[in-house]
Amino acid sequence: MTDDTTLDRRRFVQATTAAGATLLLAGCSGGGGDGGDGSDGSDGGDSSDGSDGSDGGSGGDGGDTQYLAEEPDYGGWFDGANNYEQTVDATGQDEVTVDVGAGDGLAFGPAAVAVSPGTTVVWEWTGQGGGHNVAAESGDFESETVQEEGHTFEYTFEEPGTYEYVCTPHSSVGMKGAVVVQ
Ligand SMILES: [Cu+2]
């Protein structure tokens, strides 16, 4: 009878394979493929043709920027706004940075961002486009107006909702933003 030996050997092989697989998995998990680096939106903002929101299919950009699967309804808030295309999905992060003076200097970057409750949004001045501030339409937060590169202002969003804000000096030329807390 050779049954016993065969069984033993099979068990041994299974054990080894399992261990090998675990090792392989462990080895892989570090460097998961991150696709090519997205082109860093160097689109010079204010074309003066009043395009109305309906933008035909925006081609997929192979960058690392994630967008919300379903675009929130901003009720026309972003009509004529600079640097707005879609809402960047930054949910699940403790802290998110938004540039003040992005693009041609008169924009927020990203203009629209979605975060989770409890997230702190840090606005960071680029130094471009003159003096800016960050002022919530609701009055929930308002920064000073400054120009200095590297200046920051932060606000922690606790309650779900849509928070629209502007740069007061440049709101009339489309410097608007929104934070969606979901
Ligand atoms: Cu401004």
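The backbone N, Cα and C atoms fix where each Cβ goes, and this holds for glycine too.
The region 'Disordered' annotation in TrEMBL covers 26-76. If you look up TrEMBL, you'll see 28-44, 53-63 marked as compositional bias 'Gly residues'. Per TrEMBL, domain 'Blue (type 1) copper' is recorded for 95-182. If you look up TrEMBL, you'll see HIS132, CYS167, HIS170, MET175 marked as Cu cation binding site.
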For Cu cation, what surrounds HIS132, CYS167, HIS170, MET175 with a Cβ no more than 8 Å from their Cβ centroid?
VAL100, GLY101, LEU106, ALA107, PHE108, GLY129, ASN133, VAL166, THR168, PRO169, SER171, VAL173
Run through the Cβ atoms and count how many others sit within 10 Å of the one on HIS170 (Cu cation binding site).
20
Based on DSSP, tally up the residues of the domain 'Blue (type 1) copper' (95-182) by helix, strand and coil.
6 helix, 42 strand, 40 coil
Students should find that the Cβ of CYS167 (Cu cation binding site) has, within 10 Å, a number of other Cβ atoms equal to 27
Validating a neighbour-count step here. Other CB atoms within 10 A of the CB of MET175 (Cu cation binding site): how many?
29
